[in-house]
Every structure is written in C-alpha cells, then in structure tokens.
C-alpha cells in the first residue's frame, strides 16, 4: 500500500483526551475518528486499535500513547490518547505530546473524580491552554437535574484551577452510542468537533515566534570570528540582525554576521534547521554550550522556579531509593546540565521513584527560561526524572 501524500493545506492542531480512568476517553477517541470519517472523509480507528497503545520514549521515559488523526472541514487534528493514568502524567510533564487544547472526558454517571481533578491541575501546570468538556454516558442518565449538577461541578473544578469554567464549552454525549452509529449521539460528536474548531485558536507556529537557538557548540574560525551551532528552536535569524546571548553568564549583545548550513552560506536560519551563526565581536571563551541566542528582550535568565516533576520508577531505570530535602541533582535544560537544590511542598518529607510532585528548584547558574520549558533531572548523566517549569520565580 503506498503512503498517502500528506496535504498540508489546513492548519494543524494538536489535541488529546484527558480525564478519569474508565470515563470513556478511548471510546470517545474512536467515536471522533469514526463519525468524522463518515461525515468528512478520513480513516476511522476502532477502539482496540487505539487501546493497545504502543510504547514510546521521551526524555528517557517509556510512555504508552496512541496517536490518531482526523479532519474537520477547516482543520487537521493530531490527537493523543493514553491508556493509563501514569502515562498521562508522564506525557504531560515531558511534553511528549504538546497539546494546543484538551478534551476533558467526564462520565455523567460518576461526575468529577480524583483523576479528573489531577488532570485539570496538570493541564494548568504544564500549560495546556484550552479545555473543552465532553460529558459522556449521558444516555445512562435520565435526570436532567443530575446532568446540570455534574456540569456545575465540572465548571467549578475548572475555575478552581484558573480555567474559565463559566465559559468552557460542555457537550453532553455518549461516545459508545455514537460509535454504534446512533444518529442522535453522532450529532453530539459533530458538535464537539465544532467546538474544537471554534474554541481552540489556531496555534502560533514555531517559525512565527521570536528567534531562539540553544547553543550546542562554539568554534572560532580564523579571520572570521566566532561561530555557534545548534538547531533553531523557534523564529528566524537573518544576517545583520542583533541577538542576545542569554544564560549562565551576564547577558551580552552581538550581531549575526553570517548564517551557514552544511558549509553553505545562507541569508537566514529558520525554526527546525541546524545552523552555524557567526557572531561579531564575541570571543570563543565568552560563550558556551547551554546558553541561547535570542531576539533581544524576548527571554531572560532565571535561577528559581516552581516545577511539576515526574520521578522515574526503578523499572524505568530510575532511582531505587527515595530522595529527601537537600537533594542536589543536575537539571538538564536544552543542551546542558546545571546543578540545583530543591524545596518540597509542605508536609512532604520524601519523594519515591514513580511519584509526581510539585517542587521549587534553585539553580546554581541562571538559564534562559520561560514557563513551559521542559527539563530532565539527572544524576551523573543518568536520567532520573522529567519536569516542566510551571512558574518562573526569580
């Protein structure tokens, strides 16, 4: 079978299902692909094709994730669904599946449950910007008042974590009935798809964001000056533009006097490309791996931040023993390790392998960072955890 050519004519948006175990996330994922395929074309995916999610590795952590795709008339969606709660935690913290928006599935028969709350909190911490609610199993609830009560509880829970609970779209449906082809419930899936289109704004593409390049290597070329190499994370760098060198040391300014790729000279380097950038007036020893080149004024160096962290279990190759306050591992940001100290939440004495935990980290050197930046926690080069900057403090 020949591979279909990928038509990139429509905007691409990343979404995923979140919510409590057995509330119907995977059934809903199957229903969306099935109903949209029937209505707009595309491939339907059966429940069992999605449920036996393959393993993948992200930052040294094994995660089971299913990826499906579907189309509405205006957009192309990539959708992630995870079989187990631990997979969600790992997925969201590592950013293995960056979500532009999430579909929170809540069974009308149960209402919000512990993992409902936990996934909303995680969404807030890791920067999922939009949540749409699918109230599932509504075919099993006859009482209109009960549905209204559950809806109210969900809205309150969202508001508690700073999502706009009162304005969040809530669709009442039945994923199973829609999957079985019941027209009344299929319409609810189309209603949900409509909200995906209207409520989640089109994400800003990496190339449209301000320029940033994590420095991997530094060379000096006699007669030309200092060259830094790395993969452009976002934006575009053009010859002649000013840049800042941020992190580890005092921030310095320079001008890009050349961009090259595979030994060819270019006018610009774009997001996703591996390039060398020639810098004016910078000595080889004034710059090092772990710093970033950035558009002036767009990113600052910080040492202290609040984070959400997942600690690998022993089976995942992590630590065999818990750690306590006073733990001083390395935090690997982009291209380099920086030692840091941790503060655990009130009342938490120790952290076990396999836990996810909120912690405040203080680094010994400043690193260029914004909220949402991912990092690994390492001990002597071995990954023992993964985290995300929830909030820069200083």
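Including glycine, each Cβ sits where the backbone N, Cα and C put it.
Here Swiss-Prot gives region 'G3' for one range in the set 81-84, 85-88, 89-92: that range is 81-84.
Annotated by Swiss-Prot as region 'G2', the relevant range among 60-64, 65-69, 70-74, 75-79 is 60-64.
Of the listed segments 19-26, 27-34, 35-42, Swiss-Prot assigns region 'G1' to 19-26. Range with Swiss-Prot annotation region 'G4', chosen from 128-131, 132-135, 136-139, is 136-139. Candidate binding-site residues: 25, 85. Fewest other C-beta atoms within 10 angstroms, 85.
For the recorded site, residue 82 (GTP binding site), the DSSP three-state label reads coil. In terms of DSSP helix, strand and coil, the region 'G4' (136-139) has 2 helix, 1 strand, 1 coil. Here the region 'G1' (19-26) is broken down by DSSP into helix, strand and coil counts: 2 helix, 1 strand, 5 coil.
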